[in-house]
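The next block holds one structure in the form of structure tokens; read it before the comments.
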Amino acid sequence: MDLRAVRGMNDILPEQVQRWHQLEADFRLHAELYGYAEVRTPLLEHTALFSRQMGETTDVVEKEMYSFERHGEQLTVRPEGTASAARAYVEHAIHAKEPITRWYYLGPMFRGERPAKGRYRQFYQAGCEVLGDAGPVCDAEMIDLVSSFLRRIGVPGVAIHVNSLGSAGTRARFRDELLKYFTPIRDRLSEDSQRRFERNPLRILDSKDPRDQEAAQGAPSILEMLDAEDAAHWKGFQHALDVLGLPYVVDPGLVRGLDYYTRTLFEVKAIGSDLGAQSTLLGGGRYDNMVESLGGPKVPAIGFAMGLERLLTVTPEPPARRGPGCYLAPIGAAAGDKALVLSRELRSFGVRVELDGRGARLKPMLRRADSLGSRFCIILGDAEIERGVITVKDLIGHAQEEIPLEGAARILADRVSEPAPESNHPRGNR
Ligand code: ATP
Ligand code: MG
């Protein structure tokens, strides 16, 4: 039996986790800067939540969801965060408590699609949702949040694609136009597109199959079909983007993979990355009808989600984590006891400590202290303990001295927080 990790699901080992922490912390800070608060919803939801909101004929619902029956309930491990957030919003009647809600979330999503670089079966998303604001300025501010975040984390180049899908009436007229356009060339489409042709021709525009992309070359543009209100919203959105000085590409072919979108739609792609078909870092849009369709009042909303694996691929590697402030190397039984107590004291001063409890000889302990990048190696020998001293070896400044064991923790804590020679790390190895 093969007991490796499930295909498309990755372990994140400690040396990588540091980057994840940083990215997540940056995201939280940034979202809070814009007034968002975190919401945490369950990993499991009723299957119907996703199949109804995301659309029965979307790729995610048709073939990518992890769904199963348990205790008489049809359940799905969440493939995305928006439907869950909207469900929680309705369930807790948030609209009655505040006129505008800004939520963000962070966590794993699950989709059984074909794994590739930047495409996994368990992947992590961070996203934001605003509920209760229908205006186009809100949409532009969301693009601003996204673009300043990407700048903050050091993503080198991005292209912001925007489009409008209009409201329900516009979409229905667009659907008819698409049917008219694709009918004569139907047999040139991919099998998937032919199968769901009548039910959802918009899907053809979002397909990654080259046959569909080719056939969609001359497809009608939804932007020419917007009604007066949709057009005013679309114009207001672009105006606010211009006020903010945000560059963008109008992309009438942008429809995105889910059915719940209305009006504003956007996607941000990495330029010059080696992500290929996975270069879309994030996507989002308005979903003005979802709250109502979940049994809530008519509350407009907009949101986006970004893939954290893809972000990590396009951001620079940070410098390696520095080693502990003190590496404790006791030689002998009495020294071992003193080292145990000293470690605890040092940690109470906030010093990162590793205690070598292997009972090893000095050389391998020093080697380990060095390879960890420790600031100091503290050598405790039984003979020194008898004299009431310990040896402090400065592994960066390459000096060595004895200090009294009594009060050593405070002295070492002070030294660790001083910058090391030839080190520009402001806080040392603290
Ligand atoms: P794609 O077009 O790449 O399939 P999508 O339209 O399915 O993306 P959304 O559902 O809008 O994507 O999700 C938003 C973001 O989440 C994507 O832009 C991407 O960064 C990330 N994402 C989506 N699916 C995956 C996946 N299987 N593995 C890794 N990241 C993903
Ligand atoms: Mg997808």
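Glycine residues also receive a Cβ, built from the backbone N, Cα and C atoms like all the rest.
Cross-referencing Arg111, Arg114, Arg151 against the L-histidine binding annotation in TrEMBL, which names Glu80, Gly81, Thr82, Gln125, Glu129, Arg256, Tyr260, Tyr261, picks out Arg111. Spatially close to Glu80 (L-histidine binding site) yet at least six residues away along the chain are Phe50, Met54, Val60, Met109, Gln125, Leu258, Ala305, judged by Cβ distances under 8 angstroms.
Classification of Glu80 (L-histidine binding site) by DSSP places it in coil, neither helical nor stranded.
Averaged across the domain 'Aminoacyl-transfer RNA synthetases class-II family profile' (28-324), the predicted model reaches a pLDDT of 95. In this view, Thr82 (L-histidine binding site) is surrounded by 27 other Cβ atoms within 10 Å of its Cβ, with every protein chain counted. Long-range Cβ proximity for Arg256 (L-histidine binding site), meaning a same-chain Cβ under 8 A and a gap of 6 or more residues, is found for Asp206, Leu265, Glu267, Gly283, Gly285.
Gln125 (L-histidine binding site) is surrounded by 21 other CB atoms, counting those within 10 A of its CB over all protein chains shown. For Tyr261 (L-histidine binding site), other Cβ atoms within 10 Å of its Cβ number 27.
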